[in-house]
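Lifted from TrEMBL, the feature list:
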type: DOMAIN; residues: 19-55; note: domain '23S rRNA (guanine(745)-N(1))-methyltransferase N-terminal'
type: BINDING; residues: 21, 24, 38, 42; note: Zn(2+) binding site
type: BINDING; residues: 80, 112, 113, 204; note: S-adenosyl-L-methionine binding site
type: DOMAIN; residues: 104-196; note: domain 'Methyltransferase'
Ligand SMILES: [Zn+2]
């Protein structure tokens, strides 16, 4: 079997036309030493676990390995499945498929990669059109888990603000519970490309919220701001809320608490308190914004 590093280098090499040098913006090619190289000789090595780092400077990520491992467990349990199904249907409805070329999907802020991998599964079930998925995240810890768990995707450590991809490279950009860069999204999307942004709704994880977070109108306010910013850059094609309850197996409570942004600012005693809760059902609540870039 092909080693992970070789499989990754081969896949990136095959689709090297998606990339541009994050230093100088020139086109890139994969060489025989598994280095992605531009003509100005800026080079980026494929890493052993099967990803490529295209960071041009040291960037500190706020999220550690523990958080991403927890998130991976929760994702694998199917927690996000109804959301992913919905996203899959949205893409199928809005993208004219059936061509010979695979649809190209960038997960901007892919973390540990589960959502892109699960979306690819939905896609394969529904259509014979190929699916080329690339995941980009600032966190090496997250991307390393993605490469370990999910083969057949392009996994990149990189900065969304200087993303290492060429103009109009992607049919779909997925941006789930993660920071946006609308300038880059507009640049990276193909002519009829589509941005799918997921933000947490007011009921999201409400069973944990009252322990971990003060009840405050902050969330609603920040969603309004996010929505306004989205609409400044993108024409809204669709906007919908997805809310469902998940029966929580006991052993998933801890990873769920550990992976959630709600807990990052929580005090230790609040975390302990949350872990003591006998939560059987947990609410997932998302708003999905779908847009096309405004014509400049
Ligand atoms: Zn360069």
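Here the Cβ of each residue, glycine as well, is placed from N, Cα and C on the backbone.
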*asked:* I need the nearest neighbour of residue 112 (S-adenosyl-L-methionine binding site) among the binding-site residues 21, 24, 38, 42, using C-alpha distances.
replied: 21
*Quick one: pull the CA-CA distance for residue 21 (Zn(2+) binding site) versus residue 204 (S-adenosyl-L-methionine binding site), whole Å only.*
39
_With the Cβ atom as the reference point and anything under 6 Å counting, tell me which of the binding-site residues (21, 38, 113) are near ligand 1._
21, 38
*What other residues of the same chain, not counting 21, 24, 38, 42, have a CB atom within 8 A of the CB centroid of the Zn(2+) site?*
20, 22, 23, 25, 26, 28, 37, 39, 40, 41
*asked:* Return only the integer: C-alpha distance in Å from residue 38 (Zn(2+) binding site) to residue 204 (S-adenosyl-L-methionine binding site).
replied: 44
*Using Cβ-Cβ distances, find the residues under 8 Å from residue 24 (Zn(2+) binding site) that belong to the same chain and are at least 6 apart in sequence, listing them in sequence order.*
38, 40, 42
*asked:* Quiz question: given the binding-site residues 21, 38, which has the greatest number of C-beta atoms lying within 10 angstroms of its own C-beta?
replied: 21
_Greatest inter-residue Cα distance in Å for the S-adenosyl-L-methionine-binding set 80, 112, 113, 204_ = 21
*Please list, for the domain 'Methyltransferase' (104-196), how many residues fall into helix, strand and coil according to DSSP.*
33 helix, 32 strand, 28 coil
